[in-house]
């Protein structure tokens, strides 16, 4: 039973619980009218201390489509946080008004702190460069729906692997499925953190390699997961300017990929995927965004005990 559980990290749920969510998400995708009122009377609080378009709107749309309502803020300056209110007090206050919290925060571990003071489920919608579990559910559902299998794939992850919370969460989740291999493509400065390499990949004897060439990595990939170089994570903006255009996926590079390769991106895109790639049948990132809404509908329905 997922009722009243927190989702702070992909490892909080078992593979069987993932499958429960994916099964319900598929049912909602195919028959949305059946689920349009199951969360009637429920309220989601969206607490976004960092900017967001897709994640926030996806959560809001998901709850509204389930018949529920949404309260919250999209920037801390519009809340009592700007007056110095602690995260603890914000969470305890929101518990008085809502049935469920989705929170994005710039500090790693903030979702864990929030869960310690919450009697209602807390969903981590991104905590700094740490984890982004609902994006991971989105990614897994997209692969399952359009690729058919979460096992036995070669996954190339490209771009900002150091600060990219979506990358960290996805590796953590896909490492739990059999026979997956990883190709980690990044500049030296943006390599995957040691804790991912040592505690997840090496500890579990998962095959991986680290390279700097997108052209090399794309040849073997069943799934290519592109990410943007994140300006907001850099202290030195000159370093960002030097690295921001290091990887650009275009049709010329796509010619070196498998015919059935899947291109994913958590979005927003800056210029790491050329617009011409959007017309390629292997581009799945907008389908991925739609899957995000359905998987969040399924997740919230489960956490609220309504499905």
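Quick reminder: no glycine exception, Cβ is built from N, Cα and C everywhere.
Here Swiss-Prot flags 54, 55, 104, 132, 135, 267, 268 as carbamoyl phosphate binding site, drawing on sequence analysis. If you look up Swiss-Prot, you'll see 83, 165, 228 marked as L-aspartate binding site, on the strength of sequence analysis.
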- Task: Measuring Cα to Cα, tell me the gap between residue 54 (carbamoyl phosphate binding site) and residue 228 (L-aspartate binding site) in whole angstrom.
- Result: 15
- Message: Can you tell me the CA-to-CA distance separating residue 228 (L-aspartate binding site) and residue 55 (carbamoyl phosphate binding site), as a whole number of Å?
- Response: 16
- Task: Write out, in the order they occur in the sequence, the residues of the chain not among 54, 55, 104, 132, 135, 267, 268 that have a C-beta within 8 Å of the mean position of the C-beta atoms of the recorded carbamoyl phosphate site.
- Result: 52, 53, 58, 125, 126, 166, 266, 292
- Which one is closest to residue 165 (L-aspartate binding site) in space, judged by CA to CA distance, out of the binding-site residues 104, 135, 268? 135
- Note on the structure: So residue 267 (carbamoyl phosphate binding site), by the Cβ count within 10 Å over all chains shown, scores 20
- Sequence gap of 6 or more, C-beta under 8 Å: which same-chain residues meet both conditions with respect to residue 132 (carbamoyl phosphate binding site)? 55, 124, 125, 126, 165, 166, 168, 169, 266
- Give the three-state DSSP assignment (helix, strand or coil) for residue 104 (carbamoyl phosphate binding site). strand
- Query: Reduced to three states, what secondary structure does DSSP give residue 135 (carbamoyl phosphate binding site)?
  - Reply: helix
- Note on the structure: Mapped onto three states, the DSSP assignment of residue 228 (L-aspartate binding site) reads coil
- Other C-beta atoms within 10 angstroms of the C-beta of residue 55 (carbamoyl phosphate binding site) total 25
- Note on the structure: In whole Å, the longest Cα-Cα distance within the recorded carbamoyl phosphate binders 54, 55, 104, 132, 135, 267, 268 is 16
- Note on the structure: Out of the binding-site residues 104, 165, 228, the residue with the smallest number of other Cβ atoms within 10 Å is 228
- Item | Other CB atoms within 10 A, centred on residue 268 (carbamoyl phosphate binding site) | 10
- Filtered by Cβ under 8 Å and at least 6 apart in sequence, the residues in the chain of residue 135 (carbamoyl phosphate binding site) near it are 55, 126, 165, 166, 169, 170, 266, 292
